[in-house]
Structure formats: C-alpha cells, structure tokens
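Listed in TrEMBL:
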- 119-213: coiled coil (COILED)
- 63-73: compositional bias 'Polar residues' (COMPBIAS)
- 17-208: domain 'Autophagy-related protein 16' (DOMAIN)
- 60-88: region 'Disordered' (REGION)
- 312-353: repeat 'WD' (REPEAT)
- 356-397: repeat 'WD' (REPEAT)
- 398-439: repeat 'WD' (REPEAT)
- 456-471: repeat 'WD' (REPEAT)
Amino acid sequence: MAGPEASFDPTSGWKRHIVRQLQQRDRTQKALFLELVPAYNHLLEKAELLAKFSEKLHKKPNDVTSATHQSFWEESGPDSDQSSPPGTLRVKWQEEEEEGLRLDCGEMAYQVVKKSAALDALQSELEERQSRLAAVEARVAQLREARAQQVSLVEELQKQNAAQRKAYEVLRVHTGHQEAALRRLQEEALNLLEQLLQRKERAAAECNLRNERRERANQLRVSQELKKAAKRTVSISEIPHTLHDGIREQTETLALAIKPESLESEACGKWKRPFSFKKRRGHSIGGAPEQRYQSIPVCVAARLPTWAQDVLDAHLSEVNAVCFGPNSSLLATGGADCLIHLWNVVGGRLEANQTLEGAGGSITSVDFDPSGSQVLAATYNQAAQLWKVGEARSKETLSGHKDKVTAAKFKLTRHQAVTGSRDRTVKEWDLGRAYCSRTINVLSYCNDVVCGDHIIISGHNDQKIRFWDSR
C-alpha cells in the first residue's frame, strides 16, 4: 500500500522471524554437510589407495613377497626361534592385509551408511520444513487476502460513518430548529393561555356583576311583591264537599299586621301561622252543619340563601359530583381522589356512612338507583363503575368508551343505565349482564345526561341539548 502504510508493514516482524529461522536451518545443515563431505572425500582417497595397492600386489608378487619377507625378518630379528617358509608368510600377510582392508572398508561403509542415514534424515527434515514453509506462505497469502478484505470493509465503514455523521449533523441542526420553533410555540401558547385566562376572569367578573345586579333586582321585586301581598285582602267562600270548586271573594277579610320590613328579615323556610277559614252562614246547602276546613300554609317571606349552613372537608381533592338518595336521607359525593363517600343526613348535618373504593380514576358523576341500593359512578378511566350500598368494592365495570366518561345515570329501573363520554357517544347499558345494548354517536362531547320514562336528554360541548327516544 502507498502512503504511510508502506513505511509500516505489520507483517514485517513475522517475515523477519521466518527468514532468521531459515538461515539458522541452512547453517545447521551446511555444518552437517561440511562434516560429511571431508569424511566422504577421505573415504574415496583410501579406496583409491587400496585399489592401487591391490593392483601392485597382483602385478609384482615376488617383489612384494621379498620385501615383506625382509621386513618380516627385520621385525622378527635374529632371536626368532622359528623359521617359516616364504609361502606361508605370504599367505599370512595377505590374510592380515585382507582382514585390515575388510575392517577399514567395513568401518568406511558403516560411516557411509551412517552419513547417508543422517543425510536422509536431514533431507526429510528439509522437505518437512519446506512443506511447513509452503503452508505458512499459503496461510500468509490467506491472511493478506483477509487483511485486504478487512481494509476494504473498514474503508467502506468509514465512508458510511462519514455519511451518517453528516446525516446526524443535518438532523441535529434540524432538531435545533424544531426545538426553537417548539419553544416559540410554547411561549405563544402560554401567552394565549394567559390572555384566555384574563378574558375568562374579566368575563367571570362581568357575569358575577350581572348576577349580583340580577339578584338585587330579584330581591327588590320579591320585597315589593311581599309588600303588596301584605296589603292585599283575601276572602274565600267554599261550597261543601269540595275545596277547589267554591273559592270566591267574600266580605270576610284578612289583614296582615306584620310589616314588610320584618317579613324580609325572616328566612325563606319559615311560615306564617296557618290561616283558618270558616264557611259563612247562609251558604250551606240543605242545612248541613258548618265544617272547618284544613288550614292552608302561606309563605309570607322568600329570598336567596346568602350563607352556608355547614361546611365539611369531605375529600382529599376537588369534589366533582354530589347526589341525594331516593329518600334524601343518604348523600353520595365523588371527587378527584378516586373515592365515593356515602353520608347520612341527620338534622341538617352529614355523618360519614361508608367509603366506596376501587375507582380507576377521578369521579365525574354519581347517581343512586330508584331503590337506593346501588351507586353508579362515571370515572376518568374510560369506564363507569357500579357499587352496591354496603359493599366497599366495585360490583361491575362498564367498559366500552374510548375517552373520559363524564356522566352516568340510572333509568327509571335499577337494571338499566345511560352513560355519556368525551368520545362523542352516549351508551345504554343492561346492568344485569353488564352489556352495552345501544350506542348513540354524537357530533360533540357529552357533558351530562338525564333520563325519563322513554326519553334521554344529553347536554353537549357544542351548546346544544339532544333528545333521544330509548325505544
């Protein structure tokens, strides 16, 4: 490879190691051959000398015999007691020479065989090392190919990484713009919310002012009517056997002595002493005896309440729903704390009776069945739940809405109910089977429902009320 990779080759280390190993092997084998070649040359020289010597022996046996005999006699000396004939000495000498030659040839042959075996072993070791070297070279070639593939793969990954980095930078810049736009939109939404709250506050203040003016006008009108009623004279004559058919104005008058100012100070729930009416003489038929009719209570003072009779901390969060039982002796309250409290109404005050648990969300509406034995509640967990008075846990869950349930009411029977939701539907339920018997699709959120004999009336977010025939 060109460039900085050419100056630094990661494979140069193991290449140098292989070269050093091969050089060491060559030196070792060369040393063995250097020892073998002189020995082989010396053996050839001896073989040549023996060949020449044997030729000389065959050509000049007499000279050799005499010389040998002379040397023999010289070696034996004059003190030798025995004397052998020359033929015997010659044969003996030839045998000794042949035996020495055989010994020398055998030793040389053994050395040749030994050196040949060593040479074969070295040759086989050389072939083995050559085969290993070939395998190592093949492995090196494979590794080079794999390295080339890895290098190409790394280059491709680097290209992809660069492209992804560029895409990431583009996305980061785009995300920054989007976040800035989101912050601007949030600020605009906060400003709009503040403006809306301010407008609602102003509208609420104006509405409160109008309500106060209207209340004052109503109180003034009521006081004027009471003043007029206090000054009015009333005469009633009645025909026997009926009270409603014979009411007429007669001469009997009733003057009220209570001043209007004192009437305004009395509460709306208090009544003037009942009037007593008698039948005038001469108006009876058939001389029937006079009879006293029941007294008719008359309200002589009325005005709107201005203060609370009792204040009670009923829930841990806001209270969203309040409902009386059928006989007004039991009160149910539901709040955002997912609880329903039942209260006994005793002497105008509330006493805790029971707490109904198990609601999956904030309570938005509560209602009693006609018998007062069951409580139905609408919750924010997209369902309405049914409790039995006296049991703390929920009896049934009416699931089927896709958004918050805002209203849940019993029909005229305890086995049927109606629910309304923000998913723009009104549903009728068969409580015996916990089954939705009918679904009414509406164009707006349903906020509340009421039920009649066969009529369902629903109030919606689009400022409309809708009437439905449940038949």
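Here, residue 1 is simply the first one shown, and the rest follow in order.
Cβ atoms here come from the backbone N, Cα and C positions, even for glycine.
Outside the repeat 'WD' (312-353), and at least 6 residues removed from its termini, the chain residues within Cβ reach (under 8 Å) are 359-368, 370-372, 375, 377-379, 387, 389. For the repeat 'WD' (398-439), the residues of the chain that approach it from at least six positions outside its boundaries are 361, 364-371, 373-374, 376-380, 382-386, 445-453, 456, 458, 468, 470, judged by C-beta separation under 8 angstroms. Break the repeat 'WD' (398-439) down by DSSP state and the numbers are 0 helix, 25 strand, 17 coil. For the repeat 'WD' (456-471), the model's pLDDT averages out at 89.
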